[in-house]
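Working notes, beginning with the structure itself.
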Amino acid sequence: MAIDFKEELKNMNIENMGKQHFFIQTYGCQMNEEDSEKLSGMLKRVGYTKTEVLEEAGIIIYNTCCVRENAENKVFGNLGELKHLKKKNPDLIIAVCGCMMQQEGMADKILKKFPHVNIIFGTHNAYKFPEYLNRVRTEGVQVKEIFNKETDIVEGVPIDRQSDVKAFVTIMYGCNNFCTYCVVPYVRGRERSRKSDDIINEIKDLVGKGYKEITLLGQNVNSYGKELEENIDFAKLLRKINEVDGIERVRFMTSHPKDLNKDVILAIKECDKLCEQIHLPVQSGSDKILKKMNRHYTKEYYLELVDMIKKEIPDVSLTTDIIVGFPGETEEDFLETLDLVERVGYDSAFTFIYSRRNNTPADMMLNQVPDADKHHRFDRLIKAVNDGVIRSNKVYEGKVVEVLVEGPSKNDETKLTGRTRNGKLVNFVGENIKAGDLVNVKIVRAQPFSLIGEV
Ligand code: 5AD
Ligand code: SF4
């Protein structure tokens, strides 16, 4: 049974919350971004207004990430700086939430180091934020509440989306994979899927509001539906979504190579709205390291999967995540990764230096790689990835592509910006075009991170 946010809100006894501006800073992945859209949605529901100006806010929220150490350090740095704001404005309410709070001992560490923080909550009880806020406001207490286990899925939380054209739709929460470097299964709990009707209804609602593109989110979308009573899996869900009238484009992330199957690849091939883009994190090209990472596939398996995808979906763009410097990674292991990057020719890649995370198996492994080696490999990896990206972008010169317009370009106001079906960023010149339009653009020049074109 899902938790109904509307019922929850009734029980929160929230009346007359006053008028306030709030500021949200989000760290980390798309999941966190979507969570922040929900925090923002709840605050707007109780009558508050969003601001992008920190100094203007009566409520400041940090939605944190703990996947790598540098994400945590940023939060610590920014929380320290808020001391001055709080001195100037003692009524300022500071809330810290998200993945970092789910780590053992972290909430207490933060309250000790930053006593000016008023509210701390975790990933599983974010829907209770209005109640916590009310308690701080009316009783003047400090609130620290973290559920150490996942709850049922919460439906009906209002979402204040960042874009009017494209939207995130979460289809499942949590992860069961326990890759040995990763904290996500510990801070996000076990896999839970939303009912397909709830997902479809959300998408229909988005169509009604004029949205053209949706990105389905989940840590491991390929295991969607496994624990649901209904007869559904990810490929079936994709085909069902493809039937919704009015939506133009559907993307999804993230796929695990061990679980991405032919049914999903064929769904992309056969359904007109499913975009030709797959985010397929490989993490490493060395079988030895993949095994130590608990990834359940080999380099050869991954390359065969890539071949099959490219054969079935010729225009596909492939993106990935790669970690360098995992414990025990030798120069030979790293060369296997470089070789794989070269052979796949990614359209883009998120590259990471391995970061030790408390209580994960990899943190306990011997042979941690020295920092200097990690950085040296990282620089070479970025170069290899970029060479591939430039090669894959060059192919577009002279071609005509369909672009979903997102608005004026941030860097160059004379141009519009949008993406191709397979996710390439295009900046282009055109008249009488608005956000949400689909236009055909001729690519005149390929740049490393974008394509330049004209209508
Ligand atoms: N160190 C470095 N990168 C990590 N990732 C997850 N955990 C770590 C870690 N401890 C990366 C993986 C994952 C992406 C979201 O973050 O590549 O796919
Ligand atoms: Fe982390 Fe692995 Fe789950 Fe991805 S699949 S969230 S890397 S444990």
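The backbone N, Cα and C atoms fix where each Cβ goes, glycine too.
TrEMBL: automatically predicted annotations, no manual curation.
Because the structure is a prediction, the values reported are computed rather than measured.
According to TrEMBL, the feature domain 'MTTase N-terminal' maps to 20-138.
A sphere of 10 angstroms centred on the C-beta of Cys99 ([4Fe-4S] cluster 1 binding site) encloses 27 other C-beta atoms. Taken from TrEMBL, the feature [4Fe-4S] cluster 1 binding site applies to Cys29, Cys65, Cys99.
Under the heading domain 'Radical SAM core', TrEMBL lists 161-391.
Sequence annotations record features per position, and here TrEMBL assigns [4Fe-4S] cluster 2 binding site to Cys175, Cys179, Cys182. Counting only same-chain residues six or more apart in sequence, the Cβ atoms lying under 8 angstroms from the Cβ of Cys179 ([4Fe-4S] cluster 2 binding site) belong to Gln283, Met293, Asn294, Arg295.
Model confidence over the domain 'TRAM' (394-455) is summarised by a mean pLDDT of 93. The feature domain 'TRAM' is assigned by TrEMBL to 394-455.
Closeness to ligand 1 is met by Cys182, these being the binding-site residues among Cys65, Cys99, Cys175, Cys179, Cys182 whose Cβ falls under 6 Å from the molecule. For the pair formed by Cys99 ([4Fe-4S] cluster 1 binding site) and Cys182 ([4Fe-4S] cluster 2 binding site), distance between Cα atoms is given as 12 Å, rounded to the nearest Å. Only Cys175, Cys179, Cys182, of the binding-site residues Cys29, Cys65, Cys175, Cys179, Cys182, place a Cβ under 6 Å from an atom of ligand 2. Distance between Cα atoms for Cys29 ([4Fe-4S] cluster 1 binding site) and Cys175 ([4Fe-4S] cluster 2 binding site): 14 Å, as a whole number. Under the three-state DSSP scheme, Cys99 ([4Fe-4S] cluster 1 binding site) falls in the helix class. The residues of the domain 'MTTase N-terminal' (20-138), classed with DSSP into helix (H, G, I), strand (E, B) and coil, number 64 helix, 23 strand, 32 coil.
There are 21 other CB atoms within 10 A of the CB of Cys182 ([4Fe-4S] cluster 2 binding site), with all protein chains counted.
Annotation for Cys175 ([4Fe-4S] cluster 2 binding site): same-chain Cβ neighbours under 8 Å, separated by at least 6 residues, are Cys182, Val184, Pro185, Arg188, Arg190, Glu191, Gln219, Asn220.
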